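Participant: I am attaching a structure below and will ask some questions about it afterwards.
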Amino acid sequence: MAATAATTFSLSSSSSTSAAASKALKQSPKPSALNLGFLGSSSTIKACRSLKAARVLPSGANGGGSALSAQMVSAPSINTPSATTFDFDSSVFKKEKVTLSGHDEYIVRGGRNLFPLLPDAFKGIKQIGVIGWGSQAPAQAQNLKDSLTEAKSDVVVKIGLRKGSNSFAEARAAGFSEENGTLGDMWETISGSDLVLLLISDSAQADNYEKVFSHMKPNSILGLSHGFLLGHLQSLGQDFPKNISVIAVCPKGMGPSVRRLYVQGKEVNGAGINSSFAVHQDVDGRATDVALGWSIALGSPFTFATTLEQEYKSDIFGERGILLGAVHGIVECLFRRYTESGMSEDLAYKNTVECITGVISKTISTKGMLALYNSLSEEGKKDFQAAYSASYYPSMDILYECYEDVASGSEIRSVVLAGRRFYEKEGLPAFPMGKIDQTRMWKVGEKVRSVRPAGDLGPLYPFTAGVYVALMMAQIEILRKKGHSYSEIINESVIEAVDSLNPFMHARGVSFMVDNCSTTARLGSRKWAPRFDYILSQQALVAVDNGAPINQDLISNFLSDPVHEAIGVCAQLRPSVDISVTADADFVRPELRQA
């Protein structure tokens, strides 16, 4: 394939880059012409909008207020971030332009037919060091090894672990060994690798990054699957060494999903988990092709561009929101409501967890949120609207706070400190993460699943659908207002939820979903799930019980939101097979496997 011009990106200028990479970066904003979901008017936004919490005073009350009283007001003096086009060039892979609700973006479509191009993408790389063995590392290492073998490449994939790590046995069982040079000490592996994939936990990265940098060869490439380390460095006023390239490939799903869909798709071209990629520093012009090669080798159906900063903000936020924390809060809240209203426990579980992880997820994945709404009866639509109207702003209240905690570095600091509390220190005991599926609700779930017919997607309960979709749409709006691209918004708010994560809760409950994820995700889900549970119980459900009128503007804007068109385009790029997750799955974390 003929080489193109020097690699360029049209990315946000907020990311720090090396001098070499800075020359290749250019910002390419595209004027926004979207109805952003709050007020239904013309598609051209003539006045920017902002949130205002208006105080609603009940008769006889002296004051009060809540997220329910939030409303949109005209604020022409405030600049709304214009949409940014993420463009790039590759000398190896073909990019495609997709239009998402009026915004042009560029992707690389994956597939096993592209594996023969991997040797060109990894030119100059003799060893890929995969450091760690948590959620992502086992999946990525095995996928890389299998893809490179199929491509007849002589690039070595080597696992690097701490001396004495219990994960050595797991890595050996997956086909890596000291004898053939594919398994060893992490520091020796880092020193000997041309591409270092740092897939240890985020808190471990924060505590060990200086030693990692010191062991890397000049002109080698640091690969990340999360922008967390950049956020940590920014909080300290530090940056990456200038003599290495820094890239990221971030699968939009937990590690077990990355491996499972790759294996399922061996007979079907194009199965895997979508990924974003970023080039933060490029010291020799190879970074883009290496990043895209990495993503293709993982089996990503499509790969879209972002920045490390945009990635960590959307990812850390998303997993605390609809992906993990918020959905946990929703089902706990609604299970209590339904049982307290006289519904049987079995039916309440079906109308919450089974409903969301089954028919709701399946419909959104293949047809979108509008199709879900339109499948309801007229009475069902009324219940959906009541739940949606009451839940949207309370959900946005917590989501807004969460995003700002992530963007400010507060949530990153919380993760680092939590990781240090896993061990005894300062005379205080260790506090590892506890279990999250031991309450009555999740025991009921075990019983429901034990008699569930194969392939049963559960009932479609309109009220549950209204709450879930309201939170999903509120998350989309936060990310949209914060300037994220549609491909990132949809993957972090919709696709990852319904195609990667919810199937695990459907198979074996909330812990099976949450605890197969990264440490950062597991911590965030535990921290924020109770916040969503609380605000929905205290504000949304109370409003419904008090007969609060349905906000017809919210419903109208949901029905006409441009995100539906963008989701429709992305649905055409979904994996070629649906993930198959069973309760006895052997591709999950060892501690979560059934005996």
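Cβ atoms here come from the backbone N, Cα and C positions, even for glycine.
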Participant: Select one of Asp282, Asp284, Asp289, Asp315: the residue that Swiss-Prot places in the Mg(2+) 2 site alongside Glu492, Glu496.
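Facilitator: My reading of Swiss-Prot gives Asp315 as the candidate in that site.
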Participant: I'd like to confirm something. Which of the binding-site residues, Gly132, Ser135, Lys163, has a Cα closest to the Cα of Asp315 (Mg(2+) 1 binding site)?
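Facilitator: Spatially nearest to Asp315 (Mg(2+) 1 binding site) by Cα position is Ser135.
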Participant: Helix, strand or coil: which one is Gly132 (NADP(+) binding site) in, per DSSP?
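Facilitator: Its secondary structure by DSSP: coil.
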Participant: Please give me the CB contact count at 10 A for Gly129 (NADP(+) binding site), counting all chains in the structure.
Facilitator: 28
Participant: If you skip the near sequence neighbours and keep only those at least six away, which residues in the chain come within under 8 angstroms of Glu319 (Mg(2+) 1 binding site), Cβ to Cβ?
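Facilitator: In sequence order, Gly325, Cys517, Thr520, Ala521, Gly524, Ser525 meet the Cβ cut-off.
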Participant: How big is the gap, in Å, between the Cα of Gly132 (NADP(+) binding site) and that of Ser518 (substrate binding site), rounded to a whole number?
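Facilitator: The separation of the Cα atoms works out to 12 Å.
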Participant: Counting every protein chain present, what is the number of Cβ atoms, excluding its own, within 10 Å of the Cβ of Ser518 (substrate binding site)?
Facilitator: 22
